[in-house]
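**Student:** Attaching a single structure in C-alpha cells format; questions to follow.
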C-alpha cells in the first residue's frame, strides 16, 4: 500500500483565520483584510444588506469566483461578521458546492462574475433546480450606466444587449432580479430570496458592479427581520382529500407506502414516517429519496427501483393493491427505462400541494405535511403486506472471501464502507455505479445520504462534498467518486484543504465511464488514466492536512480505512481504489440494458 502523509497546519482552518478560510497565504490576505476593515458599515449599503440577508436565512459560507464585476460586492461579503467567503477553482464547482451546502443547511449561495462566470455556473444551477434546492446565485453585473447605452463590454458575446445571461437563467431559476438601480434594489433582493425559500428553487440576482458600496435610505443599519408567511392548506380540500384517501385505502388488502424526493422540499419526512408508525404499511423509498426516512424503521423494506430494487422490495410493492406515493418523480432513470410495474388506478399520489386518488378525484391546495398528519389520525392499521414481506424475506449473503492479496472487488469495498457508517457520517454518491452500490448501504440512525439522480451531472460530487462538509462540520463526509467523474471537477479538492475539511474520498479507478459502457459501449468510454494520488499530493503542495494512498487488495483497504478513521481522522483522506474495468454491480448491468432499450426505441409511426 503506497501512502503519503503530510504535516498538520491550521493556516487553512476556518477557526484559525477568523472566518476568511479562503484567503491565500501568499501575502495578499493582510491587504484584503485591512481593506475590508476600512469599509464603512455605519451606512446602509446594498452590499451590506445582501450580506446581512444571507446570514439571516442561515447561510454562513458563500462560494465564489472573483471577477472584475463582483469585486466590490465580495469586499462587503468578507467584511460582514459571521459570513465566510470561500473561493473556488471555477464557477461550476462553486455552484455544485452551493448545491451541497443547501442539502445540509436548507439554502446555499454562490457569487460569480457576469456572463463568463454566469454561464459557467449555469449547469450547477440547473441541477439544483431539478433537485428542488434553494440556491441564491449572485452575479456581479455591468456598471449601471452601461445598460441601454448601446455599448459593448467585455465578458459578453460582443453585442450591446446584456440580456443573454438573464435569458439563460430564466429556465433554471424560479425568479430573476436584475439590480441596476438603487431605488428598487431592496425590493428585488428580498423578493428573490423569499421566492427561493418559498419555492425551494434557485434564484438569480445580478447586481451592477458600481452599486454595492453606495448608501441608500432603503438600506437601514439594522434591516427589518426577514420572515415568510406560512403556506396553508385549504381546509375543505384537506378534509375531502383525507376522506377520499381513507375510503380508497380502506378497501385495499395489502397497501404499501413509497417515499419520493419531493418530501424534502415539502418538509414532510417526519409526518410520513409517523404515518407509517400508525398505519403499519410497509415503508419503501424511491432511489432519489434514500436517506429521507429512517432505515431502522421497523417496517422499512428498502429501495423500490423496479428491476434493480432492494431484494424482495419490488415483489411487495408491485403485488400491492394500493400504493401511497409521497412526492415521487418518475423519469427514465428512476423507472429503469419506463419498466415499473405500477398502475395509476392503484395509486394515491401526494405532491407538495396536491393529492390525486387513483384516476381521480384530485385535490389542490393541500399541503403534503398536513395531509399525512390528518391521514394518520384516520387510517386503520393494516400490516398484511409487511407480514408478507417477512414471510418471503431471506437475509442477504456476503461477498466471496478474498484470497490473500487478491485484486480488490467493488462489492468487498462497499462491505467495508458499510462498517464505517455512523450517526457522525454522511455519504455522497457520484453518478455511476456508486449510485447502485451506495443504494445498498444500510444507513444507521443519523447518517445522511445525498446524490443527484434527476440531473445526474457527472463531477457534481466533488463540489457537493466541499459544500456539504462546510455546512455540516459535525459530519464526516464519505464520498464515492468514479475516476471519470473526478476528472471533471478535481481542482476543488484544493479548496477542501484550504477550509480544513476532513472528508474521506474513495476514488474508484476502473479506467473509464463504466455506466456508459453498460448502456452503450464504445472507445469513447475509455479515459486517460491519471496518477490520482500524485495529483492530490500536487494540489496539497504542503498546505493543509492531507493523506493519500492507493489500494489494490482487501488488506490494503483495511489498513487505509483504519488509518483514515483513526490516525488521520482530522485530515482530508484520499483513497484511490484500483478495480477491474468490468467490475460492476449486478444492478448496473440490469439497469444499463433496460436504459439502452428505452433510449433505442424506434420513432412512432407518423
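Using N, Cα and C of the backbone, Cβ positions are placed for all residues, glycine too.
According to TrEMBL, the feature domain 'Thiamine pyrophosphate enzyme N-terminal TPP-binding' maps to 45-154. Annotation source TrEMBL lists domain 'Thiamine pyrophosphate enzyme central' at 242-359. Under the heading domain 'Thiamine pyrophosphate enzyme TPP-binding', TrEMBL lists 451-576. Residues or ranges marked as Mg(2+) binding site by TrEMBL: 483, 510, 512.
Can you tell me where each of these features sits in the structure?
**Tutor:** The average pLDDT computed over the domain 'Thiamine pyrophosphate enzyme N-terminal TPP-binding' (45-154) stands at 96.
Counting residue by residue with DSSP, the domain 'Thiamine pyrophosphate enzyme central' (242-359) contains 40 helix, 26 strand, 52 coil.
DSSP labels the residues of the domain 'Thiamine pyrophosphate enzyme TPP-binding' (451-576) in these numbers: 58 helix, 28 strand, 40 coil.
The Cβ of residue 510 (Mg(2+) binding site) lies under 8 Å from the Cβ of 482, 483, 579, 580, 581, 583, each on the same chain and at least six residues away in sequence.
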**Student:** Give me the DSSP three-state residue breakdown of the domain 'Thiamine pyrophosphate enzyme N-terminal TPP-binding' (45-154), ordered helix, strand, coil.
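**Tutor:** Helix, strand and coil residues of the domain 'Thiamine pyrophosphate enzyme N-terminal TPP-binding' (45-154) number 51 helix, 22 strand, 37 coil.
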**Student:** Have a look around residue 512 (Mg(2+) binding site) and count the other CB atoms within 10 A of its CB, chains all included.
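**Tutor:** Result for residue 512 (Mg(2+) binding site): 20 neighbouring Cβ atoms inside 10 Å.
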